[in-house]
Amino acid sequence: MNGGGSNRSEAKWANINYLLKSESINILALQETHLTEEASNLLGQKFNRFRILASPHPTHPTNRGGVAILINKHNTRWESAISEEIIPGRALLAKFELNDGGRLNILAVYAPSGDDTANAEFWTLLSSRLTDTGIRHIDIMLGDMNMVENRYDRFPPHPDRQSVVDALQHMKTSWDLRDGWKVLNPDKNDHTFQTKRRNGQINSRSRIDRIYVRDALIDRCDEWRISETGVGTDHSLVSVYFTPKGTPFVGPGRSSVPDFILEYPDVRRGILARAKAAADQIHQFARLNNRTNESNPQTIWHTLKREIMDLTKEMEASTQ
């Protein structure tokens with residue numbers, strides 16, 4: 001994103017701050033951040049919505065590489081999150097506490113570009129360094145892979161060098177990771193990055209930005225998306241909704257009647273007539289004391305609400 005925290009990139013960080021709020025993003029991985037530790041601290045003071053975990057390039061932090069994980073303070077247990085540099089400026093591991101006492105391990109990566117040998121060596125080194133940390137598993141790996149596994153993830157279609165593909169796939173298999181978007185869309189092609197000619201025409205497209213999820217957690221992930229953002233970047237946003245174990249189920253919500261529907265006299269008359277009929281039935285139960293499990297004031301009330309919803313939905317549909 002060429003962030004850097006400079007005055008020139010200030011608008012990008014303001015847009016990122018708004019993106020976290022408007023899209024309810026809890027964890028965001030960024031690549032090519034060009035952030036020094038001082039710049040990260042200043043951004044954290046300016047934008048109190050997020051906490052930054054950053055890994056700058058070890059020798060050229062302001063103009064090369066860098067990876068970061070942003071944590072939305074409003075929706076997460078951000079204070080207890082800890083990070084560990086796996087490969088400085090290239091791979092950052094963040095560990096989050098979950099409500100059930102478990103942990104979620106998220107690995108943000110920014111693989112080398114323009115050098116197949118360096119890219120292949122990166123995946124081998126990454127797997128080795130992760131093993132050295134003693135960590136048991138990676139739950140989510142996300143970022144700019146700067147390579148594709150399938151020729152159709154590029155347009156025009158062409159395969160990446162096999163040594164690069166093999167290196168990533170060996171790392172992916174070792175850590176039991178799967179490309180979630182491709183699992184959901186096995187026959188679909190989409191792209192997250194594009195290059196342009198000098199005249200502004202699109203030259204090529206590729207899906208180099210991806211999210212990998214541990215196989216045991218794939219069923220807890222949905223709403224896989226590739227979308228554009230207001231941030232000044234030539235990469236698309238790749239996102240997924242992850243539901244931790246023990247998350248309360250949230251239903252579709254309570255049905256309601258649009259206010260404008262009540263302005264129609266026919267609707268008001270229909271509701272009043274149904275309500276009067278229901279009230280008469282309920283009074284009859286009170287007088288005769290003949291309620292049953294199948295017919296009682298509660299079932300009448302339930303039926304009344306359903307009839308009112310049906311009436312208003314029918315009228316709403318007729319006005320469109």
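Just so it is clear, glycine is given a Cβ too, placed from its N, Cα and C backbone atoms.
Non-local neighbourhood of Y110 (active site): Q31, E32, G65, G66, V67, G89, R90, A91, G143, D144, N146, each in the same chain, at least six residues away, with C-beta under 8 Å from its C-beta. Residues or ranges marked as active site by TrEMBL: Y110.
What TrEMBL records for D144 is active site, proton donor/acceptor.
Around D144 (active site, proton donor/acceptor), taking its Cβ as the centre, 23 other Cβ atoms fall within 10 Å, counting all chains. The Mg(2+) binding site annotation in TrEMBL covers E32, D144, N146, D234, H235.
Under the heading domain 'Endonuclease/exonuclease/phosphatase', TrEMBL lists 19-235.
Per TrEMBL, site 'Transition state stabilizer' is recorded for N146.
Listed in sequence order, G143, D144, M145, T192, F193, H235, S236, V238 are the same-chain residues six or more apart from D209 (site 'Important for catalytic activity') with CB atoms under 8 A from its CB. As annotated by TrEMBL, site 'Important for catalytic activity' applies to D209.
In the shown protein chains, 18 other C-beta atoms lie within 10 A of the C-beta of H235 (Mg(2+) binding site). Taken from TrEMBL, the feature site 'Interaction with DNA substrate' covers H235.
Listed in sequence order, F193, Q194, T195 are the same-chain residues at least 6 apart in sequence whose CB falls under 8 Å from the CB of D234 (Mg(2+) binding site). Here the domain 'Endonuclease/exonuclease/phosphatase' (19-235) has a mean pLDDT of 93 out of 100.
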